[in-house]
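Everything on this sheet refers to the single structure shown next.
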Amino acid sequence: MEAHQFIKAPGITTAIEQAALAAANSALANAVVVRPFLSRVQTEILINLMQPRQLVFRPEVLWNHPIQRVIHNELEQYCRARAGRCLEVGAHPRSINDNPNVLHRCFLRPVGRDVQRWYSAPTRGPAANCRRSALRGLPPVDRTYCFDGFSRCAFAAETGVALYSLHDLWPADVAEAMARHGMTRLYAALHLPPEVLLPPGTYHTTSYLLIHDGNRAVVTYEGDTSAGYNHDVSILRAWIRTTKIVGDHPLVIERVRAIGCHFVLLLTAAPEPSPMPYVPYPRSTEVYVRSIFGPGGSPSLFPSACSTKSTFHAVPVHIWDXLMLFGATLXDQAFCCSRLMTYLRGISYKVTVGALVANEGWNASEDALTAVITAAYLTICHQRYLRTQAISKGMRRLEVEHAQKFITRLYSWLFEKSGRDYIPGRQLQFYAQCRRWLSAGFHLXPRXLVFDESVPCRCRTFLKKVAGKFCCFMRWLGQECTCFLEPAEGLVGDQGHDNEAYEGSEVDPAEPAHLDVSGTYAVHGHQLEALYRALNVPHDIAARASRLTATVELVASPDRLECRTVLGNKTFRTTVVDGAHLEANGPEEYVLSFDASRQSMGAGSHSLTYELTPAGLQVKISSNGLDCTATFPPGGAPSAAPGEVAAFCSALYRYNRFTQRHSLTGGLWLHPEGLLGIFPPFSPGHIWESANPFCGEGTLYTRTWSTSGFSSDFSPPEAAAPASAAAPGLPYPTPPVSDIWVLPPPSEESHVDAASVPSVPEPAGLTSPIVLTPPPPPPPVRKPATSPPPRTRRLLYTYPDGAKVYAGSLXESDCDWLVNASNPGHRPGGGLCHAFYQRFPEAFYSTEFIMREGLAAYTLTPRPIIHAVAPDYRVEQNPKRLEAAYRETCSRRGTAAYPLLGSGIYQVPVSLSFDAWERNHRPGDELYLTEPAAAWFEANKPAQPALTITEDTARTANLALEIDAATEVGRACAGCTISPGIVHYQFTAGVPGSGKSRSIQQGDVDVVVVPTRELRNSWRRRGFAAFTPHTAARVTIGRRVVIDEAPSLPPHLLLLHMQRASSVHLLGDPNQIPAIDFEHAGLVPAIRPELAPTSWWHVTHRCPADVCELIRGAYPKIQTTSRVLRSLFWNEPAIGQKLVFTQAAKAANPGAITVHEAQGATFTETTIIATADARGLIQSSRAHAIVALTRHTEKCVILDAPGLLREVGISDVIVNNFFLAGGEVGHHRPSVIPRGNPDQNLGTLQAFPPSCQISAYHQLAEELGHRPAPVAAVLPPCPELEQGLLYMPQELTVSDSVLVFELTDIVHCRMAAPSQRKAVLSTLVGRYGRRTKLYEAAHSDVRESLARFIPTIGPVRATTCELYELVEAMVEKGQDGSAVLELDLCNRDVSRITFFQKDCNKFTTGETIAHGKVGQGISAWSKTFCALFGPWFRAIEKEILALLPPNIFYGDAYEESVFAAAVSGAGSCMVFENDFSEFDSTQNNFSLGLECVVMEECGMPQWLIRLYHLVRSAWILQAPKESLKGFWKKHSGEPGTLLWNTVWNMAIIAHCYEFRDFRVAAFKGDDSVVLCSDYRQXRNAAALIAGCGLKLKVDYRPIGLYAGVVVAPGLGTLPDVVRFAGRLSEKNWGPGPERAEQLRLAVCDFLRGLTNVAQVCVDVVSRVYGVSPGLVHNLIGMLQTIADGKAHFTENIKPVLDLTNSIIQRVE
């Protein structure tokens, strides 16, 4: 069907009409939808106010303030679209959930009418939290809102929106509030009626009524059911008049939108506000006429809002203009007051002629009429007087001028002014008027009002300047200035007039002088309990922290704070500076914002301010929306117990590490001083000064903690040599030799006892060891180091993180810690544990253990040792315990030397212990293997892939380097060469946003090479030494190099850096844009290396879910942690970073970057702009589209005007059509019915051995009477075309033979040739060209009968669950959704129905050739309509299944065992079968109407029902070369074929038959079965059967057939072996082995159903078909032969019998 054939546009005759039609269509397409019900007057008012915008009225809601709310919604849409992610001032509670783009909302505590608004606010979503806080007076639960008001809130936001919420704030206050927020733009919607400029009174206008009592103005619009606006008059006047704010917070106020007297003001922070004069009311329709007597009292007995009448009256402009024109042009004899009154009465009547308004009229009060008559009469009198006097005096003047002589004229010419200063008439000075005189006029026209007022902000700068000037003036007079204007106390220049450096200065204004906060303060944990709750710290940690105290030494310097926190026996240092990076336990980054002048700091959702008070340092903390205030007294705090401190630090570290492992977002890493410091929870620049290398800093799990070597104050058993200097360029010096304690040989055991701290100072000739944290503690005394014994260890492998594997003795390690293979009790044992005890017996004193981590114990006596406990594999194999044994040794600073834990006495396999160490160690650790373990490692050590650089590759690469070196960009490559050889590398590949770059740590790399400047800047911001490929040629020699986006680097530069580096780690995505040959010299593809990823990362932290699904073809294993489900939007306004594909598009879009430049970058929002010149690029390189789609984290707008991305399968049409059809986001139960394989409880199938295929089919042919057919198919005569219009090709040549690959030459199905052109014509005409018998009747009776099976259906909603099932089905079929188009019925592809012939013929026990019936076809609807109707039909089907009685079975939506049990329970019943002939072809307008009735019951949108009726009632079937235009019928390829065929089948059976002892019924399409004891035809059946032309064939027998199974009451359902074997005989098992394998698997599935019922099936199936049981037995054996893959095939070439003669079309 092509719906466009029923849509016809009217003819357009001229270009003017065409332009007018285009303009009208455009106006309607962009019209404002008005949803409320409106009166006629309200409609006229709204049309006039909204001009020139087109309005579309779709009334569906009742509003209290319809006119204002429509205007409000329009202005709100404009403001939110321009503001983007912003802060909102005074949001309406009902708008909170609808606008997730708002960062923060400022509210005031509700009073009066606001309380009612909060009570009616939504109780779900973000609004619920706000509602709870507002009504219960609770503090905010997060940072997304506050109740401090706009003026007192300090949430940082660049853009703001205020919708009718600034009427109580002066412009100067708003300027200061914006400065406090750091806001540069604020979109404010305000209602500013011009009547507030007038004196108090009651003003009636055409739109609203305004009551002005001098202080407040109340505005009520036409039709309002409750009070309208009520605002302060003086503030409204200020907003009308002000165009700029000057002072410390300058603003420019611009009116960017206006609807009536509703304005959108754009307040922009500008350093020098320029003049911005504006006319606020250029379209005002009223003139305000002043009453000459002024206002009088109100005669009412009841109090009113305004007790006086108006001074001014609003008069329509057309009334006043018409009255002035009439009165000013009357003759002197005709002019009088009564004539004016008569004329005014006439023009005040509204006159309409048909639909044309000839006179608009005016409905005025008596006061207004009196004032207008008086003002008009006096104004005209004054004008007449001027006219008379001007003519009279002018004539006299002319007489004087004409009477002048030559001398007088010469004098006038010489001495009187002329030229530019001459204005005719000025020299006469007829009449001088004053502003307050009556002659100055009686009316005010708002159209002519112009405002440009500047207001100073309310800061004290102006007063300070005045004070300075006044004091200087007094001092100049020699007086002592002691006036009230002297500087306020506590300000710089507090010395008053004596400070000449400040007084009178305009350059250095007075600033608040903050007192020096340096000093020592005591911190008690119980003061910060509110903060611990805000941080969601576990209760045990909070309880421990509350019991502890700390002493903090604070040193303040300009823009810097140094803190030294002493907690028990531990000391921590932090440095607070602006821009410091805070450590985190998740992927988020936190940068500290510190302002010393404001004494504040903040990061993320945490902020604090501090102030020195007499009681101490007062700190106000805001964390996660909750506030905490603490005052830390000066002086020291009592020292905490070391055990308590150690337990607190240990628990805090475990909490941080647990959060880091399991949280997707994480938060601040909470150091001990972050919970017990004066600036919690911040601890920037955390450095530990303690002597205990405890608490796990720098472990494998903490990316941000110190990874330097550990320094301690314990005394070594041996003296050490002088410390070595730190390596240049490294953040921390490496541990010197003097700080390394080794296991002494047994001969030196006597020195172990001397491990006490000496008290003598260090000799002057020795260099003290390097200490990492200033100020350094006093170093211990070191003795001169003796020469170490020769080492015999052998290096086996080095990991990229610096960890090493050695073969040798643990005693040769230089690591800070030694790991002992201990037992759970940490008692001296055997093996390595015994060796440790011999050398370090003190290490086993449990009282000296400083920390326990799990089963591991840490000690510093006599040196750092960790006792680790591995599982005993002799008792139980416990891999988790083995992992934990290594993991528990990582809670330390410095490096550690390990043995293979458990591989000795505990008999843990070497491979398992090694793998556990490999997964749980820290950078720089060492593993020592015994010789047997080393042999295992040599055979299994990890190998890095190798890249072989051949001589040809090196020669070509060097040529490319020479070409590069000659350019300006590549001059750094001069002299660089690549030599042949082998390069080992590590290549981490991953999906976009998988964190490849973030996984690199600064300690792992020296140089980072990146392809673009954008990436270089990103790496440098993270603190890495990053270079572009050419510049990096100078710095990569011998360095550890990481190459980001390696596949996109020029290959010659990639090879150069890989060969020069000491170790190379490649990062990238092989599916993204490869290196581009900009020179087009052909060198790039010639030398591009084949890089093999060593690891693939499949989890993306950037890409939303919809992007992952789009790119899943390139990344089959991609997963995402993003919570954004839908991020791609089409044809919306551009946002964020613009991405283009070509340089031409980049030049046309300022600020855009190409996708090649964007590789590796991450943006919150992006806009992809596809231009026509990128068609070849996108079609040839899908990588460009992948890069563009994977750059954003939240939202991406696609502007695809040429449709390039749609051509590669990137479109949102499916989702748009789904929501257009009324779909909703929600969940239904899935439609998949869980099915399991039958258990072999009987296994009777095993009694049937495989049998001969040929004999089984011969026996089947004998039993059914079928013989070998001489032909492959029969083309029956084509029936007469009874209705519709057939389009057929001129050429109808057909092939006369068919090649088939089959099991037997005897076919047991009807013979047809689906691929023949004449067969297609016969099916088209015979099935869909037959006359449809229409039946006009009500559907109520049939629907009532259908209720026996399907009760009345309630409202149904199509949800995203059904949409997902639709998409899942499309994906399973290999479809990408590109065939789903926008719902445009003028497009033929949207509504096309494609027809093709079925290739499966029907099994029959009768004659296979002489049936003379046409074939069967499939009419596939377009994918657009399938996606449009499919979710609705699936949702309706689910609802029907939920309502069906348990004994009614629908389609395949049931478990087979349940149906079998129901049949088994009906042992005394007979089987009622009904067979329809031409079921689809006989469906007509009545069946279609019944479908529409059911759809209406389900709440389907009416337009969707009408569209379905249109598509079903008139259609065009499009075959490959033929097409048929027809009406009605049913098409088997519709999205609701099974649903509506089954419903129609149920309706016919329920309406036409009545059953006795009804037990079970099953319906599937046109197939049905009912188990009952008797049946009869209903009394209303004949009318329906005859009216619809139904062809029913009823069979009533003990055993029946239904949907491929045999229904045997009392036994159950059994597979139909005869039918299945007969259909196999017709199948073509060729031409390739794939088809044969598919059919073999189908046979296996069928046999699985025979597992337990094979013997019963032999007896029952043979009775149904009247064949011998032996046949069924042989057929089962034959199927087992086929399932075993031993089938025998015959290849036959058979002719096709053509019985067609001509196509006969009936002439109407």
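Just so you know, glycine gets a Cβ as well, placed from its N, Cα and C.
Features of the protein shown, as given by Swiss-Prot:
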- 56-240: domain 'Alphavirus-like MT' (DOMAIN)
- 60-240: region 'Methyltransferase' (REGION)
- 241-439: region 'Y-domain' (REGION)
- C434-C481: disulfide bond (DISULFID)
- 442-509: region 'Putative protease' (REGION)
- 510-691: region 'Zinc-binding' (REGION)
- H671, E673, H686: Zn(2+) binding site (BINDING)
- 714-793: region 'Hinge' (REGION)
- 747-792: region 'Disordered' (REGION)
- 772-790: compositional bias 'Pro residues' (COMPBIAS)
- 790-936: domain 'Macro' (DOMAIN)
- 800-957: region 'X-domain' (REGION)
- 975-1219: region 'NTPase/helicase' (REGION)
- G990, V991, P992, G993, S994, G995, K996, S997: ATP binding site (BINDING)
- 1098-1231: domain '(+)RNA virus helicase C-terminal' (DOMAIN)
- 1222-1708: region 'RNA-directed RNA polymerase' (REGION)
- 1469-1580: domain 'RdRp catalytic' (DOMAIN)
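Cβ packing within 10 Å was compared across the binding-site residues G990, G993, and the lowest neighbour count falls to G990. In the structure as shown, the Cβ atom of V991 (ATP binding site) sits within 10 Å of 28 other Cβ atoms. Using DSSP to sort the residues of the domain 'Macro' (790-936) gives these counts of helix, strand and coil: 46 helix, 36 strand, 65 coil. Remark: of the binding-site residues P992, G995, the most isolated position is G995 (fewest other Cβ atoms within 10 Å of its Cβ). Taking DSSP states H, G and I as helix and E and B as strand, the domain 'RdRp catalytic' (1469-1580) has 41 helix, 37 strand, 34 coil. Excluding H671, E673, H686 themselves, the residues of that chain whose CB lies within 8 A of the CB mean position for the Zn(2+) site are, in sequence, T565, F572, T574, P672, G674, G677, S683, W688.
Non-local contacts of H671 (Zn(2+) binding site) by the CB criterion (under 8 A, 6+ apart in sequence, same chain) comprise F572, E583, L652, S683, H686. Counting residues per DSSP class in helix, strand and coil order gives 41 helix, 29 strand, 64 coil for the domain '(+)RNA virus helicase C-terminal' (1098-1231). Cα of V991 (ATP binding site) to Cα of E673 (Zn(2+) binding site): a span of 39 Å. Each of the binding-site residues S994, S997 was scored by the number of other CB atoms within 10 Å of its CB, and the largest score is that of S994.
Excluding the listed site residues G990, V991, P992, G993, S994, G995, K996, S997, the same chain places D1069, W1097, T1100, H1101, R1102 with Cβ atoms within 8 Å of the centre of the ATP site Cβ atoms. Between the CA atoms of S994 (ATP binding site) and E673 (Zn(2+) binding site) there is a gap of 33 Å, rounded to the nearest whole number. Here E673 (Zn(2+) binding site) is positioned 31 angstrom away from S997 (ATP binding site), judged by their C-alpha atoms. Distance from the CA of E673 (Zn(2+) binding site) to the CA of G995 (ATP binding site) is 30 Å.
Comparing P992 (ATP binding site) with E673 (Zn(2+) binding site), their Cα atoms are 38 Å apart once rounded. Listed in sequence order, T988, A989, G990, D1044, L1067, G1068, W1097 are the same-chain residues six or more apart from K996 (ATP binding site) with CB atoms under 8 A from its CB. Following the DSSP three-state reduction, the secondary structure of G990 (ATP binding site) is strand.
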